[in-house]
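The annotation Zn(2+) binding site is assigned in TrEMBL to 8, 55, 58.
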(Lines of atoms letter the chains of each structure in order from A and count residues from 1; the text may use other names and numbers.)
(Lines give C-alpha, C1' and ligand atoms only; values in the text may rest on other atoms or scores of the structure.)
Protein backbone atom coordinates (compact mmCIF):
# COMPACT_ATOMS: atom_id res chain seq x y z
CA UNK A 1 0.00 0.00 0.00
CA UNK A 2 1.48 3.32 -1.08
CA UNK A 3 1.52 6.06 1.53
CA UNK A 4 2.35 9.67 0.66
CA UNK A 5 3.19 12.12 3.44
CA UNK A 6 2.71 15.77 2.49
CA UNK A 7 3.90 18.66 4.62
CA UNK A 8 5.32 22.12 4.47
CA UNK A 9 9.05 22.56 3.86
CA UNK A 10 9.39 24.22 7.30
CA UNK A 11 12.36 23.01 9.33
CA UNK A 12 10.19 22.47 12.42
CA UNK A 13 8.18 19.69 10.75
CA UNK A 14 10.94 17.23 9.85
CA UNK A 15 10.50 15.12 12.99
CA UNK A 16 6.71 15.10 12.49
CA UNK A 17 7.21 13.86 8.92
CA UNK A 18 9.55 11.13 10.16
CA UNK A 19 7.08 10.12 12.88
CA UNK A 20 4.13 9.88 10.47
CA UNK A 21 6.01 8.10 7.67
CA UNK A 22 6.30 4.41 7.03
CA UNK A 23 9.58 2.88 5.88
CA UNK A 24 8.65 3.10 2.19
CA UNK A 25 6.55 6.29 2.24
CA UNK A 26 6.95 8.88 -0.48
CA UNK A 27 7.37 12.34 0.97
CA UNK A 28 6.36 15.59 -0.68
CA UNK A 29 7.21 18.87 1.03
CA UNK A 30 6.63 22.33 -0.37
CA UNK A 31 5.77 25.85 0.75
CA UNK A 32 2.52 25.72 2.68
CA UNK A 33 1.88 21.99 2.13
CA UNK A 34 0.27 23.12 -1.13
CA UNK A 35 -1.79 20.38 -2.81
CA UNK A 36 -2.78 22.56 -5.78
CA UNK A 37 0.85 22.64 -6.89
CA UNK A 38 1.25 18.83 -6.82
CA UNK A 39 -2.22 17.60 -7.81
CA UNK A 40 -1.07 16.13 -11.14
CA UNK A 41 1.71 14.17 -9.42
CA UNK A 42 -0.77 12.84 -6.86
CA UNK A 43 -3.15 11.73 -9.62
CA UNK A 44 -0.29 9.80 -11.27
CA UNK A 45 0.85 8.24 -7.99
CA UNK A 46 -2.73 7.43 -6.92
CA UNK A 47 -1.72 6.45 -3.36
CA UNK A 48 -4.00 4.45 -1.10
CA UNK A 49 -3.12 6.64 1.89
CA UNK A 50 -2.20 10.30 2.33
CA UNK A 51 -1.01 11.91 5.55
CA UNK A 52 -1.41 15.66 5.16
CA UNK A 53 0.49 17.89 7.63
CA UNK A 54 -0.01 21.65 7.27
CA UNK A 55 1.01 23.71 10.31
CA UNK A 56 0.56 26.89 12.31
CA UNK A 57 2.98 29.83 12.10
CA UNK A 58 3.57 28.99 8.41
CA UNK A 59 5.79 31.40 6.46
CA UNK A 60 3.98 30.54 3.21
CA UNK A 61 0.65 31.45 4.81
CA UNK A 62 2.20 34.64 6.26
CA UNK A 63 3.33 35.52 2.74
CA UNK A 64 -0.12 34.71 1.35
CA UNK A 65 -1.76 36.83 4.04
CA UNK A 66 0.60 39.74 3.35
CA UNK A 67 0.03 39.58 -0.42
CA UNK A 68 -3.77 39.47 -0.12
CA UNK A 69 -4.25 41.87 2.80
CA UNK A 70 -1.27 44.22 2.37
CA UNK A 71 -0.70 43.90 -1.40
CA UNK A 72 2.90 42.73 -1.00
CA UNK A 73 4.40 41.90 -4.38
CA UNK A 74 5.38 38.39 -5.45
CA UNK A 75 6.35 36.80 -8.75
CA UNK A 76 3.67 35.57 -11.13
CA UNK A 77 4.74 31.97 -10.44
CA UNK A 78 4.23 32.31 -6.67
CA UNK A 79 0.92 34.04 -7.32
CA UNK A 80 -0.27 31.29 -9.70
CA UNK A 81 0.87 28.33 -7.58
CA UNK A 82 0.06 29.57 -4.07
CA UNK A 83 -1.62 32.95 -3.61
CA UNK A 84 -4.41 32.53 -6.19
CA UNK A 85 -5.92 29.63 -4.22
CA UNK A 86 -6.87 31.99 -1.38
CA UNK A 87 -7.88 35.23 -3.14
CA UNK A 88 -11.62 34.44 -2.97
CA UNK A 89 -11.51 33.14 0.62
CA UNK A 90 -12.87 35.13 3.54
CA UNK A 91 -10.41 35.46 6.44
CA UNK A 92 -9.36 38.17 8.87
CA UNK A 93 -6.45 36.58 10.71
CA UNK A 94 -3.46 34.39 9.93
CA UNK A 95 -4.98 31.67 12.13
CA UNK A 96 -8.14 31.69 10.00
CA UNK A 97 -6.03 31.49 6.82
CA UNK A 98 -4.07 28.53 8.22
CA UNK A 99 -7.34 26.72 8.98
CA UNK A 100 -8.64 27.53 5.48
CA UNK A 101 -5.37 26.22 4.02
CA UNK A 102 -5.83 22.88 5.79
CA UNK A 103 -9.50 22.61 4.73
CA UNK A 104 -9.07 23.71 1.10
CA UNK A 105 -6.16 21.35 0.55
CA UNK A 106 -7.85 18.43 2.33
CA UNK A 107 -10.93 18.95 0.12
CA UNK A 108 -8.71 18.98 -2.98
CA UNK A 109 -7.05 15.75 -1.84
CA UNK A 110 -10.47 14.11 -1.46
CA UNK A 111 -11.48 15.35 -4.90
CA UNK A 112 -8.41 14.07 -6.76
CA UNK A 113 -7.96 10.88 -4.69
CA UNK A 114 -11.54 9.80 -3.86
CA UNK A 115 -10.54 6.25 -2.84
CA UNK A 116 -7.56 7.19 -0.67
CA UNK A 117 -7.55 7.23 3.11
CA UNK A 118 -6.71 10.84 3.95
CA UNK A 119 -5.56 11.93 7.39
CA UNK A 120 -5.12 15.66 8.01
CA UNK A 121 -3.42 17.13 11.05
CA UNK A 122 -2.91 20.87 11.40
CA UNK A 123 0.34 20.71 13.38
CA UNK A 124 0.53 23.35 16.12
CA UNK A 125 4.23 24.20 16.16
CA UNK A 126 3.88 25.53 19.70
CA UNK A 127 3.11 22.00 20.88
CA UNK A 128 6.04 20.20 19.28
CA UNK A 129 9.76 20.27 19.93
CA UNK A 130 11.88 21.46 17.04
CA UNK A 131 15.61 21.78 16.37
CA UNK A 132 17.63 24.95 15.97
CA UNK A 133 16.89 26.61 12.62
CA UNK A 134 19.48 26.44 9.86
CA UNK A 135 19.01 28.98 7.04
CA UNK A 136 19.43 26.44 4.27
CA UNK A 137 17.26 24.22 2.15
CA UNK A 138 17.66 20.70 0.83
CA UNK A 139 15.96 19.91 -2.49
CA UNK A 140 15.29 16.19 -2.38
CA UNK A 141 13.53 13.49 -4.34
CA UNK A 142 10.47 11.96 -2.65
CA UNK A 143 12.11 8.69 -1.67
CA UNK A 144 15.14 10.26 0.03
CA UNK A 145 15.42 9.59 3.75
CA UNK A 146 16.72 12.29 6.07
CA UNK A 147 20.13 12.24 7.69
CA UNK A 148 21.27 14.08 10.81
CA UNK A 149 22.75 16.93 8.78
CA UNK A 150 19.30 17.80 7.37
CA UNK A 151 17.62 18.19 10.76
CA UNK A 152 16.86 21.87 11.35
CA UNK A 153 16.94 22.69 7.64
CA UNK A 154 14.09 23.48 5.30
CA UNK A 155 13.31 20.58 2.99
CA UNK A 156 11.62 20.78 -0.39
CA UNK A 157 10.83 17.28 -1.55
CA UNK A 158 9.09 16.07 -4.71
CA UNK A 159 9.20 13.31 -7.32
CA UNK A 160 9.45 15.99 -10.05
CA UNK A 161 11.55 19.15 -10.16
CA UNK A 162 9.19 21.24 -12.29
CA UNK A 163 6.48 21.46 -9.61
CA UNK A 164 8.77 23.00 -6.98
CA UNK A 165 9.91 26.10 -8.87
CA UNK A 166 7.58 28.40 -6.90
CA UNK A 167 8.85 26.82 -3.68
CA UNK A 168 12.43 27.60 -4.68
CA UNK A 169 11.40 31.22 -5.27
CA UNK A 170 9.78 31.31 -1.82
CA UNK A 171 12.91 29.78 -0.25
CA UNK A 172 14.95 32.51 -1.93
CA UNK A 173 12.52 35.17 -0.64
CA UNK A 174 13.06 33.74 2.87
CA UNK A 175 16.83 34.12 2.45
CA UNK A 176 17.55 30.39 2.45
CA UNK A 177 20.58 29.00 0.68
CA UNK A 178 20.42 25.75 -1.28
CA UNK A 179 22.61 23.21 0.51
CA UNK A 180 21.90 20.23 -1.72
CA UNK A 181 19.91 19.63 -4.91
CA UNK A 182 19.26 15.99 -5.87
CA UNK A 183 17.82 16.97 -9.23
CA UNK A 184 20.22 17.48 -12.13
CA UNK A 185 18.45 20.71 -13.03
CA UNK A 186 20.00 24.11 -12.43
CA UNK A 187 17.82 26.93 -11.12
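Glycine is no exception: its Cβ is also placed from the backbone N, Cα and C atoms.
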What are the other residues, in sequence order, whose C-beta lies within 8 angstroms of the center of the C-beta atoms of 8, 55, 58 at the Zn(2+) site?
7, 10, 13, 32, 33, 53, 54, 56, 57, 59, 60, 61, 98, 123, 125
For each of the binding-site residues (8, 58), count the other CB atoms lying within 10 A of its CB, then report the residue with the highest count.
8
Can you count the other CB atoms that lie within 10 A of the CB of residue 55 (Zn(2+) binding site)?
24
Looking only at DSSP and grouping its letters into three states, which state does residue 8 (Zn(2+) binding site) belong to?
strand
